[in-house]
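What follows is a short report on a single structure.
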């Protein structure tokens with residue numbers, strides 16, 4: 001590790017092979033917690049590159065648990081977290097609506113690292129087994145069209161990184177890697193990103209990983225979700241081309257919702273918010289959800305525009321389809 005630390009301290013980027021070799025050692029528990037923390041902090045200070053992110057993703061996928069069935073049409077809408085917005089679990093709520101729209105959702109997630117409640121914490125309150133076996137996950141993806149992919153189950157060696165991440169308590173390259181290291185080879189992706197300046201780097205990584213189409217979204221104040229105030233910036237990967245765009249709530253004909261209106265709470269409180277949205281109860285939470293679902297339908301290609309996606313999201317919530325997806329997942333992912 002000494003040579004690696006020297007290179008990082010000189011602000012020299014690492015190659016994919018170098019990073020993959022380091023993470024192979026980390027995932028075999030051959031690197032101390034203090035060294036892992038130093039490595040993550042060093043990359044953050046230096047600035048992460050596409051090659052470094054890809055190297056970690058490759059290492060994680062090579063150590064990941066494999067599902068017994070192969071799915072080639074799946075999507076994930078997991079974000080990086082780490083935006084310090086303390087909003088409710090937007091992408092977790094949105095995934096049920098996206099699944100109701102006919103998209104096979106392999107929703108990755110974890111327990112809370114830097115917020116009150118991670119997606120795993122909320123789903124656990126709702127009776128979903130976040131530590132379900134690969135066989136059950138395959139069944140859920142097949143029968144429900146939706147499964148929650150718990151990082152600690154599919155990436156058991158991640159337990160060697162967790163303590164260092166918890167000790168640092170700030171976003172690191174692992175926040176970027178998490179949504180990209182889905183054990184399934186995703187066809188499409190919506191990824192929330194807490195730093196707008198990293199969008200192009202992440203888009204290049206996603207392209208290297210073979211995604212057909214993807215959107216990387218950063219909301220106002222560097223939220224890792226789209227929001228109904230200020231300007232949202234997204235990078236679109238489509239047909240091998242990468243382009244950046246912006247939009248506001250006004251562009252979509254929607255009402256303004258301040259960040260303070262979508263604050264979440266602990267896992268139990270966020271589970272109640274999720275249920276209220278899927279029951280179509282009018283609120284800022286509902287409006288923010290349909291915005292992000294609309295963006296998800298656009299990212300997948302199911303909607304030609306974000307506005308069309310928002311309209312589809314409203315229909316799927318209003319007719320109970322999204323709530324039914326939750327009920328079915330509660331029956332299968334147990």
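Here, residue 1 is simply the first one shown, and the rest follow in order.
Each Cβ is built from the backbone N, Cα and C atoms, and glycine gets one as well.
Residue 79 (anthranilate 1 binding site) falls outside any helix or strand according to DSSP and counts as coil. Residue 79 (anthranilate 1 binding site): 30 other CB atoms within 10 A of its CB, across all protein chains. What Swiss-Prot records for 79, 110 is anthranilate 1 binding site, and it gives sequence analysis as the kind of evidence.
The DSSP secondary structure for residue 111 (5-phospho-alpha-D-ribose 1-diphosphate binding site) is coil. Among the features that Swiss-Prot reports, 5-phospho-alpha-D-ribose 1-diphosphate binding site is placed at 79, 82-83, 87, 89-92, 107-115, 119, with the record citing sequence analysis.
In this view, residue 225 (Mg(2+) 1 binding site) is surrounded by 28 other Cβ atoms within 10 Å of its Cβ, with every protein chain counted. Summarising the annotation, Swiss-Prot assigns Mg(2+) 1 binding site to 91, 225 and lists sequence analysis as the type of evidence.
DSSP assigns residue 165 (anthranilate 2 binding site) to a helix. Summarising the annotation, Swiss-Prot assigns anthranilate 2 binding site to 165.
According to Swiss-Prot, the feature Mg(2+) 2 binding site maps to 224, 225.
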Binding-site residues near residue 79 (anthranilate 1 binding site), in sequence order, restricted to 87, 108, 111, 165, 225 and a 10 Å Cα cut-off: 108, 225
Candidates 91, 111, 165 (binding-site residues) with Cα within 10 Å of residue 225 (Mg(2+) 1 binding site): 91
Neighbour-count leader, CB within 10 A, binding-site residues: 87, 91, 110: 91
Length of the line joining the Cα atoms of residue 87 (5-phospho-alpha-D-ribose 1-diphosphate binding site) and residue 165 (anthranilate 2 binding site), in Å: 21
